[in-house]
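Worksheet: the structure to be examined is printed underneath.
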């Protein structure tokens with residue numbers, strides 16, 4: 001059957017690429033209309049037209065394409081997810097800029113001449129640096145769009161044309177800001193974008209309905225991604241912890257690097273004086289920073305605490321710096337800001353947090369460490385105490401270098417994610433995981449494996465980080481300059497209220513006990529603190545309003561007492577944080593009464609920031625290594641309420657995310673056990689090929705007929721190559737195109753199986769003449785096979801029943817008969833692999849024995865492509 005009663009495999013889900021391509025095409029068409037209208041009449045678009053065009057660009061090119069990108073991430077489509085969200089930021093920025101332009105046109109009927117993102121207007125009606133700001137925003141998207149066009153050529157024929165014409169369009173739009181003739185060329189290119197987008201959408205739509213490729217363009221790449229390089233086996237270990245992460249969502253790292261390319265590029269233009277007002281730049285960077293938050297969110301879904309924190313930190317940094325420069329360019333001016341900045345110390349927390357990221361990434365690949373090191377240097381360049389004459393030059397140089405590293409990182413992460421191999425060099429681990437653990441001190445004594453309240457959860461590091469930035473930024477003297485108060489508003493409001501609201505959302509989704517209460521409450525505290533202490537003089541808060549803040553401060557004090565009680569159920573670090581917050585709220589109360597002892601407040605804010613820095617480090621380290629390596633202290637109040645005893649699992653059920661879980665299952669398999677394991681399709685029963693008797697157990701466990709052979713599972717094609725089976729070049733090429741993935745190939749049996757490691761189980765697997773081989777596209781299964789050698793596997797269900805799509809189904813159905821189940825949550829598919837008989841492949845034919853998660857049409861397409869390439 002093509003699908004089970006429970007649903008459809010991922011290959012049958014709707015195609016978000018249809019929505020993404022159409023959003024690009026329609027957005028280009030909207031721009032085309034105004035370009036041609038302006039070129040034909042010589043009259044620029046009126047303000048209302050610009051505003052309406054901006055709204056449509058935001059809704060269609062921004063929102064619709066963002067939805068397509070989010071769905072693509074959930075379909076494990078690295079390229080489409082990164083591309084659609086990246087272009088959503090581009091069109092959203094265009095739309096917001098158009099709205100800004102329309103709102104600033106003095107007279108819509110005036111024949112003015114300013115080139116801005118496809119239109120003309122008068123320089124006198126808007127800031128003089130408008131054109132330069134737009135160019136600064138366009139150039140990084142030109143580079144990234146070219147990169148996306150190149151990467152998409154490794155996937156299909158249509159997207160390279162769409163992305164390629166977008167690249168050329170952006171080039172001529174940038175030229176059009178200084179030469180009107182270029183807008184005509186841009187309009188022609190936008191028409192081509194529309195045509196190719198329509199064709200691509202139709203092709204994907206028909207493919208989604210018919211489950212086969214009717215129209216050409218998809219399914220065949222322009223060139224094989226493997227031509228870009230060769231897999232570096234040494235680098236394959238460089239992902240370290242990432243190899244154990246959730247693989248149900250596409251990797252967000254490329255998107256994070258993408259967004260980290262745009263923001264510093266715009267800042268480099270600004271710092272070198274190419275434009276003087278941050279008005280338009282703030283729009284572009286703020287929308288781009290939303291992409292970083294989405295990267296952080298998908299890292300959260302992948303249970304990747306490191307990237308949750310990294311992208312959240314970068315988003316906070318760019319937003320804070322953007323709106324600080326907006327205040328400088330539009331409110332205070334640089335001369336006055338130079339005086340106010342001398343008293344600001346919030347930059348130092350960013351510097352310390354960047355250093356923490358450098359440390360915890362030492363056991364990852366070299367690219368990650370280098371990227372973090374340049375971000376650390378970038379934070380040094382933003383220290384407020386640097387004289388203003390050298391500040392912008394230093395900052396501009398570091399932004400340029402950080403842009404270059406981020407651009408390379410985007411390319412490397414995207415290509416390596418698409419190929420599922422390390423084709424673009426990212427470097428080895430600078431420090432091994434064991435060495436990093438040893439560097440943290442005598443840590444092995446604290447392995448009592450996760451006592452309650454000690455292992456921090458995923459969003460905790462970002463929670464501590466946002467509060468640390470807000471607290472250190474809130475430090476002020478008794479008589480601050482007005483410029484200091486203006487500049488401090490974004491430093492406290494953005495991390496303390498806006499980004500912490502995002503943290504609260506994550507903790508709600510994570511289902512933590514009391515998880516969202518503290519960050520949600522602290523959102524209110526920092527927002528109130530900002531408006532009263534820093535924006536109060538501009539809001540001209542009266543005595544009556546100040547008394548209202550006094551009442552609010554008393555309420556905050558009472559609520560925080562309750563939060564201290566909640567923290568006592570957590571750990572000592574959280575309890576210390578809430579306790580210091582209580583003293584800070586006392587200071588806030590005294591400030592509303594104009595009786596604040598500033599020295600006490602400065603001390604409390606400093607201590608609060610130090611606790612937050614330690615909390616960030618401990619949360620990251622403990623969550624990455626799944627052990628309490630840095631103590632956060634026990635819960636002072638134990639929950640003594642008797643709970644109903646949770647049902648005891650009938651067999652060991654380790655978690656797949658940790659190395660310890662893999663090693664535990666591997667040991668059970670080595671000891672003649674049968675275990676349930678996840679694959680890239682559905683759950684399977686596995687037995688080591690070193691233990692023939694364990695394979696015999698599988699037949700009894702699931703009541704499998706003896707005449708049905710069992711296949712073997714290996715970690716990679718390279719493992720098969722090492723055994724040197726006498727396969728024909730056609731069979732080798734076919735297997736390289738279908739492995740790894742949800743396809744099983746039946747091939748001739750032979751003595752080469754002994755070299756593969758199947759020796760003792762030779763007669764227990766396959767038939768006398770043939771053997772079926774699986775190479776799952778699943779990092780957990782690949783790691784397990786690397787540890788144990790080839791495994792004999794079959795679906796983890798009683799014979800005749802539906803496949804198991806969650807580890808709970810395996811435990812409930814067969815747990816009492818198994819020695820263990822490796823828990824990995826919901827499976828990626830709901831049906832098993834597609835089985836292809838390759839015994840007669842040298843005669844130019846194959847046959848589909850069982851159609852599973854990969855459609856037969858796709859198999860035939862791959863086979864025809866391989867045959868044609870061998871001619």
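Positions of Cβ are set from backbone N, Cα and C atoms, glycine also.
Mean predicted confidence for the domain 'YrdC-like' (659-854): the pLDDT average there is 89. According to TrEMBL, the feature domain 'YrdC-like' maps to 659-854.
The transmembrane segment feature in TrEMBL is assigned to 18-36 (among others).
For 48-73 (among others), the entry in TrEMBL reads transmembrane segment. Sequence-distant neighbours of the transmembrane segment (48-73) (same chain, 6+ residues past either end, Cβ-Cβ under 8 Å): 14, 16-20, 22-24, 26-27, 30-31, 34, 80-92, 94-103, 105, 108, 119, 249-250, 252, 287, 294, 298.
Sequence-distant contacts of the transmembrane segment (134-155), counting only residues of its own chain at least 6 positions beyond either end whose CB sits under 8 Å from a CB of the stretch, comprise 79, 82-83, 86-87, 90, 93, 97, 116-117, 163-164, 166-167, 170-171, 173-174, 177, 221-225, 228, 258, 261-262, 265-266, 269-270, 274-275, 280-281, 284, 403, 407, 410-411, 414-415, 418-419. Feature annotation from TrEMBL assigns transmembrane segment to 134-155 (among others).
Marked as transmembrane segment by TrEMBL: 162-182 (among others).
What TrEMBL lists as transmembrane segment is 253-276 (among others).
According to TrEMBL, the feature transmembrane segment maps to 282-301 (among others).
TrEMBL lists 348-370 (among others) with the feature transmembrane segment. When Cβ-Cβ distances below 8 Å are used as the criterion, the transmembrane segment (348-370) is approached by residues 235, 238-242, 306, 309-310, 313, 317, 376, 378-380, 382-383, 405, 408-409, 412, 426-433, 435-436, 465, 468-469, 471-473, 609, 612-613, 616-617, 620-621, 624 of the same chain, each at least six residues removed from its ends.
According to TrEMBL, the transmembrane segment annotation covers 390-411 (among others). Long-range contacts of the transmembrane segment (390-411) within the same chain: residues 140, 143-144, 147, 151, 253-254, 257-258, 260-261, 264-265, 267-268, 270-273, 367, 370-371, 374-375, 377-378, 380-382, 424, each at least 6 residues beyond the stretch ends and with a Cβ under 8 Å from a Cβ of the stretch.
Sequence annotations record features per position, and here TrEMBL assigns transmembrane segment to 514-534 (among others). Within the chain carrying the transmembrane segment (514-534), a Cβ under 8 angstroms from the stretch's Cβ atoms is held by residues 457, 459, 463, 467, 470, 474, 476, 485-486, 488-489, 492-493, 495-497, 500-501, 503-505, 507-508, 541, 546, 549, 552, 556, 559-560, 563, 566-567, 569-570, 574, 578, 581, 585, 588, 591-592, all 6 or more beyond its ends.
Counting same-chain residues at least six beyond the ends of the transmembrane segment (546-565), those with a Cβ under 8 angstroms from any Cβ of the stretch are 517-518, 521, 524-525, 528, 532, 575, 578-579, 581-582, 585-586, 588-589, 592-593, 637. TrEMBL lists 546-565 (among others) with the feature transmembrane segment.
What TrEMBL lists as transmembrane segment is 572-591 (among others). Same-chain residues lying 6 or more positions outside the transmembrane segment (572-591) and placing a CB less than 8 Å from one of its CB atoms are 464, 467, 471, 518, 522, 525, 529, 532-533, 550, 553-554, 556-557, 560-561, 563-564, 566, 597, 600-601, 604-605, 607-608, 611-612, 614-615, 618, 632-634, 636.
Residues of the same chain lying 6 or more positions beyond the ends of the transmembrane segment (603-625) and with a Cβ under 8 Å from any Cβ of it are 241, 305-306, 309, 349, 352-353, 356, 359-360, 433, 437, 440, 454-458, 460-461, 463-465, 467-468, 471-472, 474-475, 573-574, 576-577, 580-581, 583-584, 587, 631-632. Under the heading transmembrane segment, TrEMBL lists 603-625 (among others).
Sequence-remote contacts of a segment are chain residues at least 6 beyond its ends whose Cβ falls under 8 Å from one of its Cβ atoms, and for the transmembrane segment (282-301) they are 62, 66, 69-70, 73, 85-86, 88-89, 92-93, 96-97, 100, 133, 137, 246, 248-250, 252-253, 255-256, 258-260, 262-263, 266-267, 307-312, 314-315, 318-319, 322-323, 325-326, 458-459, 462, 502, 506, 509-510.
Packing against the transmembrane segment (18-36) from elsewhere in the chain are residues 45, 49, 53, 56-57, 60-61, 64-65, 67-69, 71-72, 80, 83-84, 87-88, 91, 94, 117-119, 158-159, 162, 166, 169, 183-184, 186-187, 190-191, 193-198, 200-201, 204-205, 208: each is 6 or more residues past its ends and has a CB under 8 Å from a CB in it.
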